[in-house]
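Visitor: My questions all concern the structure below.
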Amino acid sequence: MNNPLLLSITNPVKLLKPSTIPYGLNLNTTINKKQQQLTKTIVLNSNTRSRTTTTFTSSLSLVRRRNNNGGGVTGGFDETEVCRRDQGNAVLLCALGYWVQGSRCFPWLALNFHMSHCLHLKPSTLQLVQYTAILPMVAKPLYGVLSDVLYIDGARRVPYISIGVLLQGLAWGSLAIFPGSREALPSLLGLALLSNLGASVTEVAQDALVAEYGLRYQMNGLQSYALMASAVGGILGNLLGGYCLVKTPPRILFLAFTALLSLQLTVSLSSKEESFGLARIRETSLKKQFNDLMGVIQGDEVSQPLTWIIASIAMVPLLSGSVFCYQTQVLNLDPWVIGMSKVIGQLMLLCLTVVYDRYLKKTLPMRPLVHIVQLLYALSLLFDYILVKQINVTFGISNKAFVLCFSSVAEILAQFKILPFSVLLANMCPGGCEGSITSFLASALCLSSIVSGFAGVGMANAIGVTCNNYANLPAGILIQSLAAMLPLWFIHYVPMSENGFEREGKRGLSKRSRKNRRVGRVVGQEIFAYRRERDAEAQT
């Protein structure tokens with residue numbers, strides 16, 4: 001028996017001029033009246049016909065999907081098994097990607113020792129090279145917008161991961177194979193810039209994929225697991241890096257990391273993004289995507305926490321290069337000690353991330369948590385003061401033991417402080433803007449780190465810290481600690497909690513929308529509409 005609704009869609013011409021029904025046939029009259037009603041509802045014009053076709057097709061797909069979930073699978077394969085396999089491929093791609101990116105400390109530890117011991121760079125020059133090399137990461141919003149808008153071979157995440165990994169492999173492979181590339185500072189800096197360009201593209205695509213995947217399957221807080229994978233990579237990278245530097249030259253470490261990048265490239269090239277079950281967003285222009293991004297970040301619910309986290313990093317003039325040169329040139333600490341201190345720090349970061357994911361994000365509001373972490377960070381900077389003044393030796397603690405236990409505490413707390421903000425912004429991403437928003441956060445953090453590093457170089461030169469004179473280094477460390485206290489004065493920019501700030505954001509958005517242009521209001525409202533839509537999908 002033919003379905004009249006299907007007939008009305010496939011043959012609309014007959015419904016526009018239905019035949020006359022003889023009087024007296026009650027059953028046929030009833031049926032044809034229903035057909036006429038369907039005709040008036042469905043076939044009004046070509047636009048309504050296309051909308052009805054789409055709706056009906058979606059309804060059929062929904063019924064078919066529910067029947068399959070309920071056990072009525074009519075196909076010749078198990079869709080649940082296929083879904084599990086595809087999700088496993090996505091997990092492998094992301095876990096391996098974050099693990100490899102966390103292992104980037106492995107070649108960078110070797111590069112820092114190479115610049116310090118082989119090229120004999122001054123502390124300020126070493127730190128200047130370190131922070132100049134991360135300039136490509138400032139352009140992460142551009143990579144994020146491209147990843148959101150521009151599809152490559154039908155995908156918009158996995159191809160960018162492959163491109164970034166390839167660029168990293170070219171950079172580290174050149175440093176390992178060509179001696180002249182690592183002996184001349186300009187070529188070394190150029191390859192370091194190329195490496196960070198590839199790393200930034202890969203990180204943007206991975207962060208967007210994790211955010212989009214979490215929103216698609218209602219998995220809140222996937223960023224915590226990403227940080228765990230990165231911490232595990234940092235543990236192994238620093239452990240192997242510190243051990244290998246004692247026995248092998250830096251070029252061997254560069255070559256080993258190139259081989260690891262080749263493994264990641266193989267996995268990414270063999271992954272099919274369409275199998276992850278992510279929705280294909282309609283293509284749009286770069287200008288519209290940038291306008292949408294600006295509209296999102298103009299709202300108070302995004303701009304206030306973003307302002308705080310950026311300021312809390314940029315306001316602290318870091319002296320990491322000077323402290324590193326002091327540890328290796330004055331205290332003569334082995335690379336193994338430096339590497340093991342990083343390993344212990346990454347273990348601390350892994351434990352903190354697990355505790356946050358299991359307990360802190362559920363029991364402790366975001367603002368008190370960030371307040372405590374920032375205070376601990378300011379105090380942990382004083383560990384370098386204790387080391388430089390040799391107070392630890394007064395209490396019978398050797399320099400090696402002190403560096404192993406306390407040297408990386410401040411660095412780890414600075415990394416952990418970013419996690420709540422990453423989770424907050426990832427949960428607020430509207431559809432199609434995952435790469436833009438996560439990359440904007442990463443870019444802002446990189447820019448603030450560059451400002452902090454350059455300020456540290458300026459302060460080191462101002463107070464007279466050189467490779468032969470570290471007398472004023474303790475004073476610079478005290479200035480660091482005091483500067484880290486300043487962000488506590490405007491801690492009210494950080495939301496008390498994600499849910500509470502969402503309600504506050506709605507009120508703030510309505511006030512701000514009367515002042516700003518329309519695109520900010522529309523995109524800002526889209527955030528909450530999109531979140532309500534995801535919640536409704538989760539309930540069904």
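Positions of Cβ are set from backbone N, Cα and C atoms, glycine also.
According to TrEMBL, the protein has these features:
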TRANSMEM  225-246  transmembrane segment
TRANSMEM  252-270  transmembrane segment
TRANSMEM  306-324  transmembrane segment
TRANSMEM  336-356  transmembrane segment
TRANSMEM  368-388  transmembrane segment
TRANSMEM  400-425  transmembrane segment
TRANSMEM  437-463  transmembrane segment
TRANSMEM  475-494  transmembrane segment
Visitor: Within the same chain, where does the transmembrane segment (437-463) have neighbours whose Cβ lies under 8 angstroms from its own Cβ atoms, ignoring anything closer than 6 residues to its ends? I mean 6 or more beyond.
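Guide: Cβ under 8 Å, 6 or more out: 123-124, 127-128, 130-131, 134-135, 137-141, 143-145, 147, 200, 203-204, 207-208, 211, 293, 296-297, 302, 306, 309-311, 313-322, 418, 421-422, 425-426, 428-429, 472-473, 475-476, 479-480.
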Visitor: Which listed stretch (225-246, 336-356, 368-388) has the most C-beta pairs under 8 A with the transmembrane segment (400-425)?
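Guide: The stretch with the most contacts is 336-356.
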Visitor: What residues elsewhere in the chain lie close to the transmembrane segment (225-246), defined as a C-beta under 8 angstroms and at least 6 residues from its ends?
Guide: 94-95, 98-107, 109-110, 113, 206-207, 210, 252-253, 256, 334-340, 342-343, 346-347, 349-350, 353-354, 357, 419
